Structure formats: C-alpha cells, structure tokens
C-alpha cells in the first residue's frame, strides 16, 4: 500500500535537505580543510589546527593536489598566505609537518620571488608529475593571523625554519631589527618567543641571510635574557626612530637551536618560571594532561627548565595560563623525581590521552634563594638504611625519590618519632660518621631534608613534625641516623618491608600517609631559568 502523494513529496524534500546538509559539512572536525572554492589556481590549507596553517594544496584539472617541498622556502610561503588573505607567512614547513595526508601532487620545484599575487604565478616545473613526490614531502605553511600582536617575530630568507633575517611586527607593518648591540640575551628571547626553547645558536649581522623589504623598526634592543617576549625588553630607541643607516645592510639574523624530542617549555605565565607545560614531540609543541600529575613530575619539569625545583604542581584552574590550539600529547606521566628530562619518566599511556585542554598540566618553579612555600604531599615514606636491624641512615621520600636528612639540630625527639614509625618503642639519635649510621650504599638524592623538628611526645607521628626540604645538595654536618630498640608492630596504617641488606639487617621501608605541611626551600641556580 503506497504512501499518499503529499506524504511522498514531503519525504523526498526531507531527504534532499538532509543530503544537502551532509554535503555541506565536509571535513568538519579536528582536521578541517581551510581554503577556497574549487577554481583553477586556487589554493587551500588542509589538516591544520587553525585556519592559518596546514599543508598546501592547489586546484588544477578539477582536482586538489599538493605542493612538493622541493625548493620550498619563505617567499613561497608568503605568496601562499597572501593569496589566502593573510598578511604573510610566519613559518614554512617541509617533510609533511601537518601529517602525511596529501596523496596527489601537482607541483614541484616551486620558486617564488615574493612579489607574485598567486602561487601559480611563481616559477615551477610543469603540472602533472605526481610520481616525483610522495606524502612525506608535502609543503606546509603557518600564516600570520589577520590581527597580528604587537612585537610578533618571524625569520625570513633562511634555508631552514630555525634561521633567517629577524623581522618584527609593529604598528601594522613587518620590518627588520638593526644589529646594534644585539647579543646572545636578545637572541635567546627572540628564539624562545618564536618557539625554540633552547634559545639562540648564533647571531648573524650585516644582512647575512638577505635584506628585509620592510622598514627598519627596532634598534639597540637590550634584553636580560629571561623575558618571555621582546616587548618586555628595554628599548632605549623608540621603534622606527633608529640610528642605523637607511639601508638594510645592518639587518640582524638569528640561528635558533632546533628543538629536540622531549624538550619542554612553560607558556603564558607571568614570567619564564611558570606556566602551562608543553613538550616537543613529533616535531610539534603539545600539552600534557594533568591526570596523575604530582610534585615529582613538576620537579623534573622545573629542573629541566633550569630551575632547582617546583613550588606548585597542582590546584590550577584551566584559565590560569590560558588555552592553546596545540595538540595534547600525553597523560599520566609517572616520574620518580630524579630524572633529568620529563621524557625519561614513564608515560603510562604512551603518546595518547583522553583529555581536554582544561586539564593541561601546569607548574610554578622556584625563582629566589629564599623561596618558601607550603605543599601537602600525598604520601611520605621513611626508611632506615644500614647494615644492622633498626639502625642506620634516615631517608625520606615525598613521592619523588629518596632524600637524605641533613640536620645540625637532630635530637632524640626526632629519632624517637622515626623509630616509632618503623615499629620500635624507643629511638636514639646518631650523628653523621658514627659506626651505627654507616649505610651499605651512597644515595644520589634529588633533595635534602635540611630540618625535621618533632616535639618528642608519646606516639608522635611524622605528620605532627615540620620538615624543610631543600634542593641545595650541600650538607656541612653530614647525614643523620638513628638506633631503634624494642621491636613492636608499626602504627596503624603503616607497613614495614625489608628491601635489602645483609643477613640480620636490611633496609626497613614504611609508607606513611602524612598530610602535613612541609616548608620547601629551593636555591636558584646560577644563570636563572631557561632550558640548557
């Protein structure tokens, strides 16, 4: 039995609307194709995270096809971006930076002068030789946003992305920086601002890479080297009011140290010592999900960034250090606290995640010699390391490796508390160097407990004591120890395990849920922050 004619017409109309709607949402999602209509010679960017970046495709013979990265350079990128309506290019990319998604290639050996209005007007080898290129050689660009921030930087005329003549954006125009007094601190700030966390490798003068075609904007830039942005540097000469010759012979160039897998940087903080943690992986900066993120992870990040340690690892709100379009690279980082680089830690989920950017991990690193803050560690463990049962060197863990105790005021009060936790009735302190304190091995500790203060009352726990934790590894008085007697059961909720040592002796380890406040003191290294 058929449907009434009117109902059939409604059904066909509904189907038509649905089909049109489906066809209009082509490429919606994480990998959008930003570009122009399918007209001969038009171009588009695909697989970028924003509309101003991606692999370059050109429309020819009724099909979109890629551009091979042979001869691909900054002038090609500038023409590409200007054709798409952007002010110019910030960066050019080779080797399928945005992924090996392009399967058909129309153009190779593209070589623009920079004054062309369309990419097809540039010199290139004839269309239609797709077998000469493959998906790993797709050319890409990052275009300057249409509303470029004051003081933005870019490099032009270099053969590789991390070098070139330095240009800055000021009052609506791109122009050069005069090389007067431009040194390593200035280059470090410039390179880090442009995404190269390791800073500058070398400074090039006298227009080494070629000359800017814009005005000469900055002269006598004077940075300390710790600034996050060149606009934070001292500028004794007003922009555009330079004392350089009115030619570009003094244009400064930079060679930035290329990023290395596992490099880290801190973004959008009030200074270089704090911010959202980003890690360099697979040739791109990305964030880390804060699932499982703790003080041990933050401590490794801060040391890798050139600081002594972290003063804050959690309790951030998503908006504290802003949001980013960068990918989320990983989650559940598991550090012991002694690693030199974050990439040396265990990545429980590998390079995968199931997070959103509101969960990006952040840190605040120590900056001053007298930085004193309060943290609340999740778990504190104490162990006695020696050749005999119940006697030896005292070591403490805050979840980031084991630390030695250096305390000139070490007394029987503290020893009694430690022994009580280890399951003994009594305890006596021992000074460094005494026979009872000798341990079977040395300890490479990431920190030193440079003070434990207990009252010595009956059944006192470590959560009732105060600790000062220092990343300064010097200890004039030597490690402290204890001699415990009167073995008994450990306090409720704690356990002891012999994890090493000779017969009749060993290392007694116990887990202590210590929700005390610990006063953390860090010492700033020579030279301040910044990644080595």
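Cβ from N, Cα, C; glycine included.
Pulled from Swiss-Prot:
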| type | residues | note |
| --- | --- | --- |
| DOMAIN | 43-144 | domain 'SRCR 1' |
| DISULFID | 68-133 | disulfide bond |
| CARBOHYD | 78 | N-linked glycosylation site |
| DISULFID | 81-143 | disulfide bond |
| DISULFID | 112-122 | disulfide bond |
| CARBOHYD | 115 | N-linked glycosylation site |
| DOMAIN | 153-257 | domain 'SRCR 2' |
| DISULFID | 178-244 | disulfide bond |
| DISULFID | 191-256 | disulfide bond |
| DISULFID | 223-233 | disulfide bond |
| DOMAIN | 264-366 | domain 'SRCR 3' |
| DISULFID | 289-355 | disulfide bond |
| DISULFID | 302-365 | disulfide bond |
| DISULFID | 335-345 | disulfide bond |
| DOMAIN | 382-485 | domain 'SRCR 4' |
| DISULFID | 406-475 | disulfide bond |
| DISULFID | 419-484 | disulfide bond |
| DISULFID | 454-465 | disulfide bond |
| CARBOHYD | 459 | N-linked glycosylation site |
| TRANSMEM | 492-520 | transmembrane segment |
| TOPO_DOM | 521-532 | topological domain 'Cytoplasmic' |
At 10 angstroms around each C-beta, which of the disulfide-bonded residues 68, 355 has the fewest other C-beta atoms nearby? 355
Other Cβ atoms within 10 Å is the metric here; tell me which of the disulfide-bonded residues 112, 335, 419, 475, 484 scores highest. 419
Please report the distance from the Cα of residue 345 (disulfide bond) to the Cα of residue 302 (disulfide bond), rounded to the nearest angstrom. 14
Averaging the per-residue pLDDT over the topological domain 'Cytoplasmic' (521-532), what integer do you get? 34
Quick note, residue 223 (disulfide bond): same-chain residues at least 6 apart with CB under 8 Å of its CB -> 185, 186, 188, 189, 230, 232, 233, 234
Neighbour tally for residue 302 (disulfide bond), based on other Cβ positions within 10 Å of its Cβ: 28
Residues near residue 78 (N-linked glycosylation site) in space but at least six apart in sequence (CB under 8 A): 88, 89, 112, 114, 156
Measuring CA to CA, name the entry from the recorded positions 68, 115, 133, 143 that ends up nearest residue 122 (disulfide bond). 115
If one measures from the C-alpha of residue 115 (N-linked glycosylation site) to the C-alpha of residue 289 (disulfide bond), what distance in angstrom results, rounded to a whole number? 44
Counts by DSSP class (helix H/G/I, strand E/B, coil) across the domain 'SRCR 1' (43-144): 19 helix, 33 strand, 50 coil
